[in-house]
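Asks: Pulled these features from TrEMBL for this protein:
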TRANSMEM  A:20-39  transmembrane segment
TRANSMEM  A:51-68  transmembrane segment
TRANSMEM  A:75-93  transmembrane segment
TRANSMEM  A:99-120  transmembrane segment
TRANSMEM  A:125-143  transmembrane segment
TRANSMEM  A:170-195  transmembrane segment
TRANSMEM  A:216-237  transmembrane segment
TRANSMEM  A:249-264  transmembrane segment
TRANSMEM  A:269-288  transmembrane segment
TRANSMEM  A:294-313  transmembrane segment
Amino acid sequence: MNATVLKGHSLRQFLMDQGVLFAFIALLIFLAFVAPHFVSVNNFFSVLTDAAPLVLLALSELVVMLVAGIDLSVGAVAGLTGALAATMMLSGFPWPLALFLALLAATLAGLLQGIVINYLHITDFIATLAGLSIFSSLTLIVTNGEPLNINDNGFNAIGESHILGIPDQVWIAGLMVILLAIFLSLTASGLYLYAIGGNRVAAYRAGIRVRRLRSLAYAFSGFSAGLAGVIFAAQLATADPNAGRGDELPAIAAVVIGGVYLFGGRGTVWGALIGALLLSTILDGLVLLNISPFYTELVEGVVILLAVMLGYLKKRGTV
Amino acid sequence: MNTAAESASERQGPPLLRLRGIGKRFGAVQALRDIDLDVWPGEVLALLGDNGAGKSTLVKIIAGAQAPTSGSMQFHDQTLRQFDPRTARDLGIETLYQDLAVAENLDVSANIFLGRERKKRLLGILPFLARREMRKESVLALQKLAIQLPLRQPVGELSGGQRQAVAIARAAYWQAKLVIMDEPTAAIGVGEHAAILHLIQTLAASGVAVILITHTMPDVWQVASRITVLTRGEKALDGRPDDLDEDLVVKAMLVGKGVAA
């Protein structure tokens, strides 16, 4: 195994791995040409702002997929979090407390599913499908099926204000990205998530608390989805009972595009981030190009297929 | 070549592992009956037997994965009762399963340290992985066993033999006293076969006791310092390779106790 071979290998690997990044850049350039006012600092931030909730949902999926799970409930948890926060503020809770309790509820929703999956041995897919159903229904019950207006300016500022010229939403998603990246690449628990996804039995034999960590992965998923829900609500100053509905699919699509392996053990925060940015920008692009929203899911589906096929070809090419 | 055998014949001190009258019953089936077995440090014990002879059950009992229904076990002055695989590992009993030993998506050093990582405190509080230190230690651990491996690739990209070597290096690094190997050469190419056998000898020469389950007869005469044959849950034969030949061993595997010379 000589050094030059390895170097060449990893350079090619790098270019292959960053294919999604190149696609993202190419898309930005393309949009700049077809929609001239697309190129501006404001619009750059609006790309990031639009992508923020999807980035957070993608982080949820990333973490559960690393431990070979899947979370279909992220959209529903996001919707429920916004509804709970709004309801609490309407009944007089100060917004920071409402925010804290709503995020706590989202985390517990995730943890509960994690416990059902790992200690009661219900398949991830089924448990979170049930979760999707239950949390969607709870949102309707809490909101009575009506959009709830949020009058609290402190809360709504999350959707409007800037810190150092950068929108709050971008800060939230950005911080989560950085913290998760640090956690996954530098801590033992982060490494264990990969180990569990790579070989669950070997991880168990190595003394890793597999069930506990897998449950906590779902708790994280709930928390991150809750943050996405807070952003949805703050952006519109409304808790829409339909907020987050169906968002599990783009979230899963985003991480798949970003090279996260569906069956566990492989994937990076960087990949999930770029996947989410690419998908979000494609969806924005459809709007910019005046393409009927009926095509949205068609495009999503095609992008997922392309991403998986490219991933497969890449694997076949390098192995 | 015969270092393992010689050290076994010297057999200083008490055995590392002492089994007396071990039996295991699954309902109406008597999987093991009255097994006595002593294993000394530095010896390679080849555990042979047909499928269903009780090898796996015996090994699982030693590794703490199953409890015997009768008999007693002593390991290194300690009587073992009701212990689990984790306790076994902490005591120094390491089991290397064919494919379940390593996490394929992690690199060599992550696998050697898996579950027992070195950490450094960043800013005085945050316990971060000391990757560089672990990698250095891994290099040393591999050198000790004269193993050469690409360190930065996921273990899944390595060959079967290299993966097996990673698992052995891990056991050696954590100072296992008894290493149980289940068919270590089963999924390995011809070229690497000899390397793994050599590694087993190196391990034994460093004072580790090895229990080797295998179906490959030539391996047995090449590395084992003792042969124990199980047949239908009973010990049918126990002796030094020099005193036994393949015919006798195979007969013992098929017929049972009667053949013992």
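Just so it is clear, glycine is given a Cβ too, placed from its N, Cα and C backbone atoms.
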Asks: With the transmembrane segment (A:20-39) as the reference, which stretch in A:75-93, A:99-120, A:125-143, A:269-288 has the largest tally of C-beta pairs below 8 Å?
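Replies: That would be A:269-288.
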Asks: Count the Cβ pairs between the transmembrane segment (A:125-143) and the transmembrane segment (A:170-195) that lie under 8 angstroms and are 6 or more residues apart in sequence, then report whether there are at least 3.
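Replies: Touching, no - the transmembrane segment (A:125-143) and the transmembrane segment (A:170-195) miss the threshold of 3 or more Cβ pairs under 8 Å.
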Asks: Taking the transmembrane segment (A:269-288) as reference, which of A:51-68, A:99-120, A:170-195, A:294-313 has the most Cβ pairs under 8 angstroms?
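Replies: Of the candidates A:51-68, A:99-120, A:170-195, A:294-313, A:51-68 scores highest.
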Asks: Among A:51-68, A:99-120, A:170-195, A:216-237, A:249-264, point out the range having the most Cβ pairs under 8 angstroms from the transmembrane segment (A:75-93).
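Replies: Between the stretches A:51-68, A:99-120, A:170-195, A:216-237, A:249-264, A:216-237 has the largest tally.
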Asks: With Cβ distances under 8 Å as the criterion, find the stretch in A:51-68, A:99-120, A:170-195 that has the most pairs with the transmembrane segment (A:216-237).
Replies: A:99-120
Asks: May I ask for the residues of the chain that lie six or more residues beyond the transmembrane segment (A:170-195) and have a Cβ under 8 Å from a Cβ within it?
Replies: 45, 48-49, 51-53, 55-56, 59, 62-63, 66-67, 158, 163, 202-203, 206, 208, 213, 217, 224, 227, 231, 265-266, 268-270, 273
